[in-house]
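Reviewing the structure listed below.
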Amino acid sequence: MDFLNPYNLQVITFIVLNCILAISIFITLATGQLSLGHAGFMSIGAYTSSILSKNADMPLFIAILAGALMAGLIALLIGAPTLKLHGLYLAIATLGFGEVVRVILLNMKITNGALGITGLKSLGTYLYDWEKMLGITAQSLGVTVPVIKSLSTLVFMLLLFLLILFLTLRLNSSRLGRAFEAIRADETAARAMGIQVNYYKMLAFIIGSVLAGLCGGLFAHITTAITPNDFNYHKVVEILSFAVIGGTEVVWGALFGAIALTTLPEVLRGLAEYKMIFYGAIMVLVMAVRPRGLIGSDTLQKLFRRNKKHNDQPKGVE
Amino acid sequence: MKGNSISKSLLSVLLGTSLLVGCSSGASNPSSTGAAPETNNAAPTESAGEFTAKIGGVFILSGSSAAYGEAQKKGLDLALEELNETNKGKLKIEIQYEDTGGKKESAINSVNKLINQDNVVAIIGPTLSGEMLAAGPVANEAETPIFGISNTVEGINDIGEFVFRNSLPESIAIPTAMKQAIEKKGSKTAAFIYAENDDFSVSGFQTMKKTAEEMGLQNLGETTFAIGDVDFSAQLTKIKQLNPDVLLVSALYKEGSMVVKKARELGINSLIVGGNGFNNPKVFEIAGPAAEGLIVATPFSPEKQDEKVQKFVKAFEAKYGSKPDQFAAQAYDSLYIMSQSLLAAGTADRNALRDELAKLKDFEGVSGKLSFDEGRNPIGDAVVVEAKDGKFVPFE
């Protein structure tokens, strides 16, 4: 019971949120596109859903979904010209996009400029309202209200995450996933094989952006207050480092990166002022020892060979 | 080889960006780890009545705004030392610090950790208003008093019953400064310049504009810049043509000081009134002699001729070798308020402490007199100061 305190629940909720973000960047990277626009798409999702839920009084889930779709729509618009670019050029273009979004948000009236949108209804409160309608109250379960709210948020997030993960794994082994992989391995060869490269790249970009928009909406309603500065350059780096530290070859790598990088600052909390030094040192060390990320496809193969009985990937679940 | 080149470009981007991140978060100051001497319990003569209260301190202790958090921590540590000495046998306060690094998620996590894992009776902080707006609801829901000492934007107290602050909202400080200065100089027209990408500056600007309207000042124009800008010639040239009687600047100290400096260089002779962001001795380092005549409202001035203030300034200088700023002063006061309310409650209970805090009346602190109204908004008066010979002196 001690484990179920809102602090632990909150930290795990952020971990799950970051896992979804990791999947979002993983899918874009799956076609070999280095997009740094994820914070931009996140902010589009966050602001769209916040304005809809706060100003237009829409149901929360519809608002969050609308935010995700909005991000996808914008991705469609900016994807057409930018996806012709490769590697670092694409990175710079999408990074510029993220900054443009941030500056627009700073200057619009409806987004309340730099002050941002505050006083949003939290996901936990919303879920708890539902539970109360179903006759489940904190008293009947013998826990405090904050605990049940955090717990509901976490359970909701976990279910959502598992659904997304399931779909991602299905995607990877489908025609689509194999096309992504072919493009990533060699774009010219993929084109020669008859794969419509531009179509698949666009698709990966949009799926990644929709997921980022979804995370934005969730982030807004977990923290209950958003400002344009929450989605600045640092956020991009954070999301990107999930994939880079964890590995970009298999989805488990990105997930592992998200879990590790979200947990580390909390575990290192005891070190107070020296926290960031250790954090940085660990990052440098990982990059020096495993430049292609902690978990690559070879890691999984090794595990399989050693442990043939297990058919699922045991490393990623943890 | 394609995959390899992608991972290479990923790596180079990450390395480059980690350099950037490293620069901005390298400012943390690892000195002064709050090892305040604890009260000597060797001879517990009156220990029957003594109780311990653990208080959480949530500040930015790393990252680009770490200077604010460090000042607050120093103020608290000094107050802790003094209080544990004077309250020996009655109350022992312990402070547990958590660092947010200026991040919202981290502020929420810190507050959750302090409330649920460390079982603190109350929390002082967080440093930024944005952090408070995210973390305040968490504390309020958990029925733990949370006490803001540097959150000046509107709407903080609306979060809930358990949210307090002793930082005067800008809606009190700015109008005080504007009224005193403008009445004295008889200004008729005003122009505004503010940082548009900073919540604190925008909020300050809105208050300035509202006050100007109420006072019947003619609004000649508004210009903006961004935090991080270094060149303000275009905006200030425009303002020079407008030739306002008073120039109202809402910004953080760094950009604000540069604006003041450039304005004087361009020959703008208007009276300049600044927002709370100017409450920093660094203003004189950056603006130099151009700061002369700058008027700012502040809850605290180390030059104030008041016995309590001078005692605090002396103790602070003896301990840290520098003069305290507003952030240290408000942190110092907050712990005295906590201690007073805890003693009145007689127990380290969150609800009892909240009720006592809400009753606070005429508290005499180094940052002035303080009471709370029904909405738990602080009532106090701001000191209006003027820059003179490299320091802020009370405005006359």
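Cβ from N, Cα, C; glycine included.
Now, the feature entries from TrEMBL:
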- A:12-37: transmembrane segment (TRANSMEM)
- A:58-80: transmembrane segment (TRANSMEM)
- A:86-105: transmembrane segment (TRANSMEM)
- A:148-169: transmembrane segment (TRANSMEM)
- A:203-227: transmembrane segment (TRANSMEM)
- A:239-264: transmembrane segment (TRANSMEM)
- A:276-295: transmembrane segment (TRANSMEM)
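Below 8 angstroms of C-beta separation, residues 33-40, 43-44, 47, 78, 111, 228-229, 231-233, 236 of the same chain, each at least six residues beyond the ends of the transmembrane segment (A:86-105), sit close to that stretch. Contact check: the transmembrane segment (A:203-227) against the transmembrane segment (A:58-80) gives at least three Cβ pairs closer than 8 Å, residues 6 or more apart, which meets the contact criterion. For the transmembrane segment (A:12-37), the partner stretch with the most Cβ pairs below 8 Å, chosen from A:58-80, A:148-169, A:239-264, A:276-295, is A:239-264.
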